[in-house]
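S.K.: Take this structure first; my questions come after.
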Ligand SMILES: [Fe+2]
C-alpha cells in the first residue's frame with residue numbers, strides 16, 4: 001500500500017483512506033490491483049522474458065483495459081528494473097531530475113517498490129509516494145515529478161500511455177526543490 005511523506009514537514013500518511021484522500025486532492029489518481037492475480041512464478045521476479053511479460057499483461061488484462069478506457073490510454077508495456085539491469089546507476093541518475101510530461105505518467109506496480117517525488121499544491125510542496133505491489137498511480141500531465149527506485153533497487157510495473165512519444169521528459173528547473 002502506498003505511503004506518503006510530505007517533505008516540508010516530514011509528516012507521513014500511512015492510513016489507506018487518508019492516502020487516497022491526500023492524493024485525490026493533489027490530482028493524483030491512486031487505485032489498487034489485486035496482487036493475488038499475479039501468477040506465483042512471477043512473484044518478486046525482476047528479470048522477465050517476453051513470454052513472462054505477456055503472462056503478466058494477460059493476468060491484468062481486465063484492469064489494464066478498464067483503466068485505459070476510463071483515462072484514454074491506448075498502449076501499455078512493462079518496465080522491469082533491478083541490479084541486473086545494465087547501467088542501472090546511470091539510469092537512476094537520469095531519472096532523478098524533476099520534469100514534466102505532456103501526458104500522464106501511469107505505473108501499476110506488480111513487484112518490488114518504487115517512489116514518486118511529486119510537486120503538490122503551493123501549501124504542500126513536494127511529497128514522496130512510496131509504492132509497492134498492487135499500487136496503481138497516475139501523475140497528471142504537466143505536474144512536476146520524478147520516479148526512482150527504493151533501497152531494494154527492484155521493480156516491475158505496467159506503464160500505460162496515450163502515445164509513448166508524449167512521455168518525453170521536459171526538465172523542470174526548480175530552485176525550491178531539495179533532494
Ligand atoms: Fe516522469
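The backbone N, Cα and C atoms fix where each Cβ goes, glycine too.
Positions annotated as Ni(2+) binding site by TrEMBL: 99, 101, 105, 145. Per TrEMBL, the feature Fe(2+) binding site maps to 99, 101, 105, 145. The site 'May play a role in transmitting local conformational changes' feature in TrEMBL is assigned to 104. Positions annotated as site 'Important to generate the dianion' by TrEMBL: 107.
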S.K.: Whole-number answer please: how many Å between the C-alpha atoms of residue 99 (Ni(2+) binding site) and residue 107 (site 'Important to generate the dianion')?
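M.R.: On Cα coordinates alone, these residues lie 16 Å apart.
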S.K.: In terms of DSSP three-state secondary structure, what is the assignment for residue 101 (Ni(2+) binding site)?
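M.R.: SS state of residue 101 (Ni(2+) binding site) = coil.
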S.K.: Among the recorded positions 99, 107, whose Cβ has the fewest other Cβ atoms within 10 Å?
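M.R.: Counting other Cβ atoms within 10 Å of each of the recorded positions 99, 107 gives the minimum at 99.
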S.K.: Output: those recorded positions from 104, 105, 107 whose CB lies less than 6 Å from an atom of ligand 1, in sequence order; none if no residue fits.
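M.R.: 105, by Cβ distance under 6 Å.
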S.K.: Identify, in sequence order, the residues in the chain of residue 104 (site 'May play a role in transmitting local conformational changes') that are 6 or more apart from it along the sequence and have a CB within less than 8 Å of its CB; answer 'none' if there are none.
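M.R.: Spatial neighbours, sequence-distant, of residue 104 (site 'May play a role in transmitting local conformational changes'): 29, 71, 73, 138, 139, 140, 141, 162.
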S.K.: Would you count the other C-beta atoms found within 10 angstroms of the C-beta of residue 145 (Ni(2+) binding site) for me?
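M.R.: The Cβ of residue 145 (Ni(2+) binding site) has 21 Cβ neighbours within 10 Å.
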S.K.: Cβ-Cβ under 8 Å from residue 105 (Ni(2+) binding site), same chain, 6 or more residues apart: which ones?
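M.R.: Correct list: 138, 139, 145, 147, 167.
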S.K.: For the recorded Ni(2+) site, whose residues are 99, 101, 105, 145, find every other residue on that chain with a C-beta no more than 8 angstroms from the centre of their C-beta atoms, and list them by sequence position.
M.R.: 100, 139, 143, 144, 146, 147, 167, 169
S.K.: If I take the alpha carbons of residue 107 (site 'Important to generate the dianion') and residue 101 (Ni(2+) binding site), what is the distance between them in whole Å?
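M.R.: The separation of the Cα atoms works out to 14 Å.
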S.K.: Report the same-chain neighbours of residue 101 (Ni(2+) binding site): residues 6+ apart in sequence with Cβ closer than 8 Å to its Cβ, ordered by sequence.
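M.R.: The answer is 141, 142, 166, 167, 168, 169, 170.
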